[in-house]
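As given in TrEMBL:
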- 12-30: transmembrane segment (TRANSMEM)
- 84-101: transmembrane segment (TRANSMEM)
- 107-125: transmembrane segment (TRANSMEM)
- 137-154: transmembrane segment (TRANSMEM)
- 160-177: transmembrane segment (TRANSMEM)
- 211-227: transmembrane segment (TRANSMEM)
- 234-251: transmembrane segment (TRANSMEM)
- 315-337: transmembrane segment (TRANSMEM)
- 349-368: transmembrane segment (TRANSMEM)
- 388-405: transmembrane segment (TRANSMEM)
- 417-436: transmembrane segment (TRANSMEM)
Amino acid sequence: MTYNLKKNYHTFVLILFSIIFLFGYSWFSYQTTKDVVYFASPDATANYFWAKRFANGESLYYFEPLNLTVDDAVVPRSARSDEGLVKPVSFLGIVLIYGFLGKIFGVWIIPLLTSFFACLGVLFFYGIIKKVFDEKIAFWSALMMFVLAPYLYYASRGMLHNVLFIDLALAGAWLFVCSRDALWQVSTRNVAMLLSGIMFGLAVTTRTSELVWLVPVGIIIFIFYAKKITATKIILFFCGLFLAVLPMFYYNEILYGDFLNFGYTQAKEEYLNINNNAVEENNSLAAVTGNMSAITKKIILPFGFNLKNAAGNFISYYVKIFWYLFWPAFFGGLWILYDWQNTAKNKKIYFVVFVVVSLILGIFYGSWHIQDSIAKNNITIGNSYVRYWLPMYLMSLPLAVLFFQQATSLLPRWQKVLFKPLIAIIFIVGFFLLNFNTAVFGKNEGLYYTARGINANKILTPRVLTRLEDNAVVITKYLDKFIWPRRKVMAIDIFSEQAHVAASRLVELGSPVYYYGFILEPKHLDLLNNDRLKKFNLQIVETEVYNEQKLGLYKLVDLRL
């Protein structure tokens, strides 16, 4: 037993830390959902809503009759409506996986599952890095992963896809490595490959868009390790992959009319439309070539291609916000390039994969201008770039550890004995404090401020709901995440003509219509009442103002009554 403990010391320590961090990661979700469930993100709100319905045996859609009158406008941001049928707008993996587990353990577990999978993900990461580098680098990388600000932040936030995707992909990669390298009996290795395919299939179901880099990485791995990957293993891997994505195809067909259609993208339909138009207009080779270019842009680069944007976002959301990870990883990467001839094959492949993944993610998401924070132009951990670039951040960890390992190796022997343990302690404590500060106290959207905002809305929202009739429809651009599904919402701008047209139709039907959002100044009320709403025979009147929160509730009334 003593021998085994010594031999597996790092594993035991990481398991112990996993238990500790399970409570740490879960604390935020527990505190913000223990009495009544609210989330700070419309995506998280919707994911929980649909997962809970699935766990309770309900369908992944519901009928909203009002949408037949208002062109499907009565819907929150993270859902869509097609002729009155309200459906998920996101990838279905988290809904199906968490909903299934909710069936078994109860819906109470759903907000806590991401924290659980996050701890498992660290162990899988350790197993992979141990194969690629060595046990020490793997151990320190895993410890750093526990506290890495973007991972800690989104492991705590609960109902967003990204950490679950990462953990499933890590599980698949670890099983793949085990199947490739293990000295087990053949049947066990084959089972590992089948399970690897299942894990990757679940990861794809959770975030199908990540195929944009998973496929190139898979090709790279196959090229370098083709001799170790038998035809049997390939077949088993894809059988597992296919089994895992079958539920996604099934629900895509039910919800969106085609197994290749997803909630927020109609890439396949756009492909067909582009293709048909091109053939009708010109059947020449040039037309087909141009058509394929359009298809590539729609599928491979849906957010466009803008190197300037990508570089700027990379600097903002990596070099600046996580400088304490970027610079050590950068110099660790330089060391690999400097010592390339003496670098082991596994490390070379890892570095190549890291560069490829970073470039793809940087261009794919970085070309897009994302501003999903109310605080404009602020670089915050809550911005979507951070969760989209999680794979890049995590893959940086071994490079950062490698840098510190090589830096300390330059010390004279007597200084190594004296200072190396001290340097390691300072490094870990410093890394923990910097990441903890970013994740918890980061400007505007750190966990502390996010929890405070949720708890404030737990007090305010019930007060608002008491002023709303059960059949009320609320126009709110940002606060639908707190109002829906308790009341019906239209997640549109109160100043938009779409809101005014929909409101006039709803009022004619006898549905109470409200606006809930930032307090309207006198000039805004004047603009609405004397211009925008007047032509629809509507007037907006104050119901209640919440000065401390700078929010107001207003009712839209029919001038003809």
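Using N, Cα and C of the backbone, Cβ positions are placed for all residues, glycine too.
Whatever TrEMBL says is automated annotation, not expert-curated.
Computed from a predicted structure; not experimentally measured.
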CB contact flag for the transmembrane segment (107-125) and the transmembrane segment (12-30), at least three pairs under 8 A: yes
Stretch contact, the transmembrane segment (84-101) with the transmembrane segment (417-436), Cβ-Cβ under 8 Å, 3+ pairs: no
Per Cβ pairs under 8 Å, the stretch of 12-30, 160-177, 211-227 packing most closely against the transmembrane segment (388-405): 160-177
Residues of the parent chain within Cβ reach of the transmembrane segment (160-177), under 8 Å, 6 or more residues beyond its termini: 41, 43-44, 47, 90-91, 93-94, 97, 113-114, 117-118, 120-121, 124-125, 127-128, 131, 151, 154, 192-193, 195-200, 202-203, 206-207, 210, 214, 221, 237, 387-388, 390-391, 394
The transmembrane segment (417-436) in contact with the transmembrane segment (137-154), cutoff 8 A, at least 3 CB pairs, sep 6+: yes
